[in-house]
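Visitor: The signal peptide annotation in Swiss-Prot covers 1-42 and is backed by sequence analysis. What Swiss-Prot lists as N-linked glycosylation site is N110, N143, N167, N306, and the listing cites sequence analysis. The region 'Disordered' annotation in Swiss-Prot covers 231-259. Summarising the annotation, Swiss-Prot assigns compositional bias 'Basic residues' to 246-255. The annotation disulfide bond is assigned in Swiss-Prot to C264-C330, C293-C362, C297-C364.
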Amino acid sequence: MNDSVRTTTTISSTKSLVHSFQLSAILHLFLLISFTPMSAAADQHASHATRRGLLRKLGLEHVPVQTGPSIDVPQHMWDIYDDDNDVDWVRHYYPKEIIEDNEGFLLSYNLSLAARNAHNEEVTKATLKLRLRRNNKARRSGNISIYFFEDDINNDRFQIESRSVDNLTEWIDFDVTAAFLRRTNRISFFIDLPEDVEIEETQSSSLSSLPYARAQSAPLIVFSDLSEPSSVRRKRSAQTGNSERKNRKKGRKHHNTEAESNLCRRTDFYVDFDDLNWQDWIMAPKGYDAYQCQGSCPNPMPAQLNATNHAIIQSLLHSLRPDEVPPPCCVPTETSPLSILYMDVDKVIVIREYADMRVESCGCR
């Protein structure tokens, strides 16, 4: 292995351990405030510190403030969440403006809320979903054409897809990925519909603007991946993905069946978002098995402790010079991601995969 490859590998491993240490510190603080008696002031301070730490881990500066009437997460977003598509971000937008004229509908979407990550995100897929209906019983053939405006100033529009309406279903998906070849904070689509077809007005709308009943029938779903060269992404294995889906549906704590031991090991720890009063914006999961690492790293080091050579040497030196050399620590050695479905500001529904959220194994380091 050459020096450049060795250096890259070391940096990636170090960053992964740093993320694991950060998560462990946050979880231990959460554990302390959950079970340690404190004064009211100390408890409030610790709670705020835990929330700030978790928000930073989630890439947020503040809890998304929800204003106006609440909205329900549509079924197609629940389906995406349960499918484990292995994408970093999925965002769901409703149009901010709908203009109808004799030719069709103009739909405008505000994407500026995602601007904080625009420099390191790459759109991999974008889908415009339309719920359509015929305004009379006569069935006429025709096409639905989707155009997007590349330049707001010149109003130049380009067709990106056309579809027959001979077999009109409740929802029709249009691939509009081509509209995201450049980064933008606002995007507009023109929908050219046959005379006997229109966008459905949803009766069960919980918001009342645009009119929002029609906006709910024209969501834009954008899939994107982080494109940072230095980012360490951990793809969930099939086994991990299956267990995560089961945990989502069951919502129960997983109890470790291993025998109690003082040696370094993974132990149960469940994070309940309701305890943080985040149930208003985190839709799923309600909580998750984060696990934690506890136990000692003695000398001689048992083989099952998954210790590095450095930890073995450090343990030996600690036994000889305990005042000078600290013992190795029991820390996460392998972690897995967690997908969270939450409501961002301005009613943008987000699914995001966060790395290093669940401890899979522990060892001495």
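Backbone N, Cα and C define each Cβ position, glycine as well.
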Visitor: Just to be sure I understand: of N110, N143, C293, C362, which recorded positions have a C-alpha no more than 10 angstroms from the C-alpha of N306 (N-linked glycosylation site)?
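Guide: Matched recorded positions: C362, sequence order.
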Visitor: Given the disulfide-bonded residues C293, C364, which one is most crowded in terms of C-beta atoms within 10 angstroms?
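Guide: The residue with the most neighbouring Cβ atoms within 10 Å is C364.
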Visitor: Looking at the recorded positions N110, N143, C297, C362, which ones sit with their CA no more than 10 Å from the CA of C264 (disulfide bond)?
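Guide: So the list reads C297, C362.
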Visitor: Could you measure between C297 (disulfide bond) and C330 (disulfide bond) for me? Cα positions, answer in whole angstrom.
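Guide: So the Cα of C330 (disulfide bond) lies 7 Å away from that of C297 (disulfide bond).
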Visitor: Between C364 (disulfide bond) and N110 (N-linked glycosylation site), what C-alpha distance do you get in Å?
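Guide: Rounded to the nearest whole number, the Cα-Cα distance is 48 Å.
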Visitor: Of N110, C293, C362, which is closest to N143 (N-linked glycosylation site) if I measure between C-alpha atoms? They're all recorded positions.
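Guide: Comparing Cα positions, the closest of these recorded positions turns out to be N110.
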